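Pasting a structure below so you can have a look.
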Amino acid sequence: MSDRMAKFKAGMPKDAIEALKQEFKDNYDTNKDGTVSCAELVKLMNWTEEMAQNIIARLDVNSDGHMQFDEFILYMEGSTKERLYSSDEIKQMFDDLDKDGNGRISPDELNKGVREIYTKVVDGMANKLIQEADKDGDGHVNMEEFFDTLVVKLPIGMGPCKDEEYREYYKNEFEKFDKNGDGSLTTAEMSEFMSKSTKYSDKEIEYLISRVDLNDDGRVQFNEFFMHLDGVSKDHIKQQFMAIDKDKNGKISPEEMVFGITKIYRQMVDFEVAKLIKESSFEDDDGYINFNEFVNRFFSNCPYKINSLYWPIYLGCAVSI
């Protein structure tokens, strides 16, 4: 956590911090992973997903899309991440985006500003993905490593499975049928799982497994099954791999990963920037963001997909995806 956050905590009594820590563990972090997700807030507070996302965006200092304990302190103390900054620092952020210095940020300036920061952090994102996926330590990602790790890190699917609560529901269902707890389903377990609502023949189950089994081990891991629910086939993922593997040598280099991330995320960034302009320019509805709008709306509620690209430059945080 940043020095700013440390200073904020330093002004609080130790017993208050301990009490908040217990509250965080007992009532908020329901899956005990050390963070509070949008899905957990929705369930706990009976909020809409949009409300939960907005709350997390206002507190998400390290821009990972979750609420860490230190960020939870901000929430419980009625503060927000922008209060960790001085007015001069926020003004500097605004001026960095306002390229022509006319006191307002145009859609084009926002596009260019976000992309400038984006190009600076994409190398770090690529290196992090390579490190996470590279099981054999050769500095590259082969097809099997891509299947095992990256298909759940990159936004390849377009279906409802990007909803965290949806994923959690199916993960719990999946685990009920994973009798030995090894994280995968055998043919028999898969048959039992899939036949809850509809009866399938052995041949149909075998065909389904062949479509879902990304690493060809004859079993179905949860990530494989979940990608199938998201409308992503094995052939589609292979096409994604080959599109990133520019030299067609069967493995992805760090340089190729930079290219792949840029291509995959470009459309997402376009969508998020357009959404930011629409949601931020609410006072005079002129299609631009003035300084008041920047402070009161844009900076506070910036979605974490853009947050993770822009604000870490000022926070000194690593980008997580």
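Heads up, the Cβ atoms here are built off N, Cα and C, so glycines get one too.
According to Swiss-Prot, the protein carries these features:
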- 15-49: domain 'EF-hand 1' (DOMAIN)
- Asp29, Asn31, Asp33, Thr35, Glu40: Ca(2+) 1 binding site (BINDING)
- 47-82: domain 'EF-hand 2' (DOMAIN)
- Asp60, Asn62, Asp64, His66, Glu71: Ca(2+) 2 binding site (BINDING)
- 85-120: domain 'EF-hand 3' (DOMAIN)
- Asp98, Asp100, Asn102, Arg104, Glu109: Ca(2+) 3 binding site (BINDING)
- 121-156: domain 'EF-hand 4' (DOMAIN)
- Asp134, Asp136, Asp138, His140, Glu145: Ca(2+) 4 binding site (BINDING)
- 165-200: domain 'EF-hand 5' (DOMAIN)
- Asp178, Asn180, Asp182, Ser184, Glu189: Ca(2+) 5 binding site (BINDING)
- 200-233: domain 'EF-hand 6' (DOMAIN)
- 232-267: domain 'EF-hand 7' (DOMAIN)
- Asp245, Asp247, Asn249, Lys251, Glu256, Asp284, Asp286, Tyr288, Glu293: Ca(2+) 7 binding site (BINDING)
- 269-304: domain 'EF-hand 8' (DOMAIN)
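Looking at the shown structure, what environment does each listed feature sit in?
Across the domain 'EF-hand 1' (15-49), DSSP assigns 23 helix, 1 strand, 11 coil.
The number of other CB atoms found within 10 A of the CB of Asp33 (Ca(2+) 1 binding site), across every protein chain shown, is 10.
Secondary structure from DSSP puts Asp60 (Ca(2+) 2 binding site) in coil. The local packing around Asp60 (Ca(2+) 2 binding site), expressed as other Cβ atoms within 10 Å of its Cβ over all shown chains, amounts to 24.
Listed in sequence order, Glu109 are the same-chain residues at least 6 apart in sequence whose CB falls under 8 Å from the CB of Asp100 (Ca(2+) 3 binding site).
Cβ neighbour count for Asp136 (Ca(2+) 4 binding site): 11 (other Cβ atoms within 10 Å of its Cβ, all protein chains included).
Long-range Cβ contacts of the domain 'EF-hand 5' (165-200) within its own chain (Cβ-Cβ under 8 Å, at least 6 residues beyond either end) map to 31, 39, 42-43, 49, 206, 208-209, 217-222, 225-226, 229.
DSSP assigns Asp182 (Ca(2+) 5 binding site) to coil in the three-state reduction, placing it in neither a helix nor a strand. Asp182 (Ca(2+) 5 binding site) is surrounded by 10 other CB atoms, counting those within 10 A of its CB over all protein chains shown.
Per-residue pLDDT, averaged over the domain 'EF-hand 6' (200-233), rounds to 80.
Its own atom aside, the Cβ of Glu293 (Ca(2+) 7 binding site) has 21 Cβ atoms within 10 angstroms in the protein chains shown.
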What does DSSP give as the helix, strand and coil breakdown of the domain 'EF-hand 6' (200-233)?
19 helix, 2 strand, 13 coil
Quick one: give me the count of other CB atoms within 10 A of the CB of Asp64 (Ca(2+) 2 binding site).
20
May I have the list of same-chain residues other than Asp29, Asn31, Asp33, Thr35, Glu40 whose Cβ is within 8 Å of the Cβ centroid of the recorded Ca(2+) 1 site, in sequence order?
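For the Ca(2+) 1 site, the extra neighbours are Tyr28, Thr30, Lys32, Gly34, Val36, Ser37, His66.
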Quick one: pull the CA-CA distance for Asn31 (Ca(2+) 1 binding site) versus Asn102 (Ca(2+) 3 binding site), whole Å only.
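On Cα coordinates alone, these residues lie 48 Å apart.
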Are there residues of the same chain, six or more positions away from Glu40 (Ca(2+) 1 binding site), whose CB falls under 8 angstroms from its CB, and which are they?
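The answer is Tyr28, Asp29, Thr30, Asn31.
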